[in-house]
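Q: Under the heading domain 'Aminoacyl-transfer RNA synthetases class-II family profile', TrEMBL lists 13-352. TrEMBL lists R105, E152, F199, T200, Q201, M202, E203, E307, T308, S309, V310, G311 with the feature substrate binding site. The ATP binding site feature in TrEMBL is assigned to 184-186, 194-199, 267-268, 311-314.
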Amino acid sequence: MAEEEVKDLELMDKIVSLCKRRGFIFPSSEIYGGINGFWDYGPYGARMKRAIENLWWHEMVETRDNVEGLDSTIICHPRVWKASGHLDQFSDLMTDCKKCKSRYRVDQMADPTTCPNCGSKDLTEPREFNLMMKTFVGPVFDEEHTAWLRAETCQPIFVDFHSVRVATRQKLPFGIAQIGKAFRNEINPRNFTFRSREFTQMEMEFFCDGEEGMEWFEYWKQQRINYYKNKLKFSDDFFRIYVHEKLAHYAKAAIDIEVKFPFGWGELEGVHHRGTWDLTRHSEFSGEDLQYMDHDNSRKLMPTVIETSVGLDRTMLALLCRAYDEEKAATAKEGMDEDTRVVLHLPPLVAPIQVAVLPLSKKLKEPAYALYKEIDRHFRCEYDETGSVGKRYRRQDEIGTPFSVTFDFDSANDNAVTVRNRDTMEQERVNVTQLRDYLEKQIEA
Ligand code: GAP
């Protein structure tokens with residue numbers, strides 16, 4: 001293995017270990033040995049995940065008059081998945097090693113004739129494996145009562161298209177967005193949360209006149225690129241656009257937004273021109289006409305759909321990978337004797353804790369805690385009084401807190417506190433009356 005690859009694997013191990021140690025992400029059901037492809041988000045992880053979700057919802061729904069929100073069920077009528085094509089086509093080719101019993105997705109094997117685990121060439125013939133997760137609804141466990149957990153959050157959006165349009169009186173073009181769990185029985189869950197069996201998607205389906213389809217496709221592509229640059233602070237070397245040449249028969253265009261994970265470039269989001277496929281299929285299978293009719297009955301058409309589809313877990317993983325850093329020389333600056341500072345350079349908008357309030361001494365607890373309670377109403381905050389201030393800075397660095405506010409013995413007299421910047425480690429004296437404004441500007445920057 002090349003030196004670079006070893007380093008990347010080590011980096012991934014360090015990120016996984018930090019996530020576990022500091023309560024971001026750990027294996028689901030760990031005391032029972034875990035369950036492959038399922039992950040729990042601990043206290044900091046849950047806060048960060050919620051922050052990303054809220055940011056996406058704010059950008060895609062709350063700030064737009066022409067995008068509505070939806071929160072549908074995970075289990076839908078089984079015919080939904082027949083209409084969408086998932087029951088017949090949502091599968092990967094897999095093969096088993098007859099010797100060591102390992103199972104692989106054929107498209108992920110460097111050499112599909114050799115077992116990557118034991119080197120045996122005795123593999124089963126590749127066969128289709130459907131990724132839909134099956135369950136039963138009602139007391140009888142038979143074919144008739146079979147249902148599936150949704151494999152993507154967008155299908156219920158198409159199914160509810162007509163109800164949303166009537167309820168909101170939206171005219172074309174308009175969108176419907178939803179955030180929620182999706183389930184896929186992945187053959188090989190891997191790369192931490194990157195490929196999980198249960199994960200959260202954030203999807204928006206934009207319905208428009210087919211003649212304007214490509215214009216809207218370009219618009220949404222650019223909107224999403226701007227979001228990654230301006231909100232999540234992704235630099236040009238960290239993400240790229242992959243243009244799909246081979247398209248589904250109904251699609252007119254598709255791109256992936258890929259990011260550079262330690263294990264290689266991976267898809268984070270897809271922007272897809274889905275044509276009229278989904279609404280047409282659901283019209284056919286349900287018998288309901290899902291065509292759009294203008295309020296004055298002047299035109300009737302099957303809307304074309306532009307989709308933006310992103311994984312929440314993958315976004316969080318990308319942010320953590322991007323943010324992780326070990327700084328060698330930084331520690332002496334704050335009088336610490338350890339030789340490395342581990343720091344997450346997370347964008348302040350999505351950091352699990354945005355502001356830490358640290359009294360210089362436990363004797364200052366009362367006023368420092370009162371200040372914490374005050375600013376906690378506006379930012380995600382944490383109060384910490386245990387250990388030296390240097391150690392507390394390190395703890396905050398490790399979870400990516402961009403600002404630490406230290407309340408010292410002068411604070412009671414001059415009504416000012418010291419704000420320490422995570423990235424520069426510079427400290428600035430700020431009057432308490434200005435603190436909220438000061439932090440707001442820095443966090444929004
Ligand atoms: N509706 C379109 C759709 O679902 P997709 O490319 O299959 O498209 C969209 O999924 C996004 O969902 C991906 O870009 C990825 O971020 C996320 N995703 C898909 N499968 C995933 C998995 N097994 N684990 C984690 N995230 C996944």
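Using the three backbone atoms N, Cα and C, a Cβ is placed for every residue, glycine included.
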Q: Considering only the binding-site residues R105, R197, Q201, T308, L312, which possess a Cβ situated under 6 angstroms from at least one atom of ligand 1?
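A: Among the binding-site residues listed, those whose Cβ sits under 6 Å from ligand 1 are Q201.
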Q: Compile a sequence-ordered list of residues in the same chain as R314 (ATP binding site), six or more apart from it, whose Cβ lies below 8 A from its Cβ; state 'none' when nothing qualifies.
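A: Counting only residues 6 or more apart in sequence, the Cβ neighbours of R314 (ATP binding site) under 8 Å are T193, F194, F199, G266, E267, L268.
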Q: Of all the binding-site residues here, Q201, T308, which one's CB has the most other CB atoms within 10 A?
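A: Counting Cβ neighbours within 10 Å, the top one is T308.
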Q: If you measure every Cα to Cα distance among R105, E152, F199, T200, Q201, M202, E203, E307, T308, S309, V310, G311, the residues said to bind substrate, what is the biggest one in Å?
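A: Per the listed residues, the maximum Cα distance equals 27 Å.
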Q: Restricting to the binding-site residues R184, E186, R195, L312, which ones have a CA within 10 Å of the CA of R105 (substrate binding site)?
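A: Those close enough are E186.
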Q: Nearest to Q201 (substrate binding site) in three-dimensional space, by Cα, is which of the binding-site residues R184, E186, L312?
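A: Nearest by Cα distance to Q201 (substrate binding site): L312.
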Q: Reported as an integer number of Å, what is the Cα distance between E186 (ATP binding site) and V310 (substrate binding site)?
A: 17
Q: Compute the C-alpha separation of R197 (ATP binding site) from V310 (substrate binding site), stating it in Å without decimals.
A: 15
Q: Compute the average pLDDT of the predicted model within the domain 'Aminoacyl-transfer RNA synthetases class-II family profile' (13-352).
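A: Overall, the domain 'Aminoacyl-transfer RNA synthetases class-II family profile' (13-352) comes to a mean pLDDT of 95.
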